[in-house]
Amino acid sequence: MSGIKVNEMAQYDNQFYPQEPINYVWGDPNQSVYSDQGSYSMDFQSFDYDQAKTSNSMYPKQDIQFQPTSQPESQIQDFEDEPPLLEELGINPDHIVQKTLAVLNPFKQTNPQILQDTDLAGPLVFCLLFGACLLLSGKVHFSYIYGIGVFGCLGMYCLLNLMASIGPSLGVTISVLGYCLLPMVGLAAMGIVFSLKVLIGFIITGLCVFWCAVSSSKLFVTALGMEKQQTLVAYPCALLYGIFGLLVVF
């Protein structure tokens with residue numbers, strides 16, 4: 001029975017998938033594979049080596065060589081002659097040190113040309129230190145510092161332009177008043193450790209206000225050539241720094 005079933009299946013396959021012997025000759029590009037079931041031919045295209053050689057001769061290969069670019073000596077010398085980065089940004093460390101020493105020692109003679117430098121890096125640092133010291137003592141007064149500082153600088157700028165024949169620029173006024181805030185920074189640092197709401201604290205605060213007023217008036221007088229008007233300049237400066245002293249004490 002099994003042999004009969006196998007033969008039947010073979011006959012069934014032959015009915016639907018008839019097979020013909022394949023006579024394939026190697027090298028014949030138009031060789032027909034099947035002749036009965038929709039015969040198709042296997043066409044092989046030949047490669048023309050002569051044409052490839054001519055195309056390569058028309059477009060010859062070129063060797064690409066990369067050479068490092070070298071800058072001329074003139075450009076290198078120009079880079080060497082350029083000023084430092086801090087000077088290009090308008091920050092002169094030498095002037096900052098000299099202005100700081102002039103504030104610490106009001107009786108020292110200062111070069112007027114240094115005072116004409118509108119350096120705002122030092123005042124910004126001193127204002128931030130002043131606010132940070134007040135913050136460490138539990139007083140958040142950053143808005144008061146900047147507000148009083150802006151109105152105080154504008155008031156001194158207008159007053160000095162009225163008093164002097166050639167008044168200072170607004171940048172010079174802000175720079176001088178900002179540098180002279182340094183004694184107040186020391187007072188605020190002292191207030192972190194000790195309480196200034198005592199008699200000794202009031203005396204120290206008054207001395208710091210006097211110190212700031214003398215330093216700022218001395219710098220303004222030196223820069224503007226107002227030797228005989230230092231007392232008149234020191235009075236409004238003392239009022240301005242007195243407000244900062246009140247912020248430190250109270």
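From the backbone N, Cα and C atoms, a Cβ is placed for every residue, glycine too.
Feature list (source: TrEMBL):
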{"type": "DOMAIN", "residues": "104-246", "note": "domain 'Yip1'"}
{"type": "TRANSMEM", "residues": "120-138", "note": "transmembrane segment"}
{"type": "TRANSMEM", "residues": "144-164", "note": "transmembrane segment"}
{"type": "TRANSMEM", "residues": "176-194", "note": "transmembrane segment"}
{"type": "TRANSMEM", "residues": "200-220", "note": "transmembrane segment"}
{"type": "TRANSMEM", "residues": "232-249", "note": "transmembrane segment"}
Closest-packing stretch to the transmembrane segment (120-138), where packing means Cβ pairs under 8 Å, from 144-164, 176-194, 200-220: 176-194
Model confidence over the domain 'Yip1' (104-246) (mean pLDDT, whole number): 91
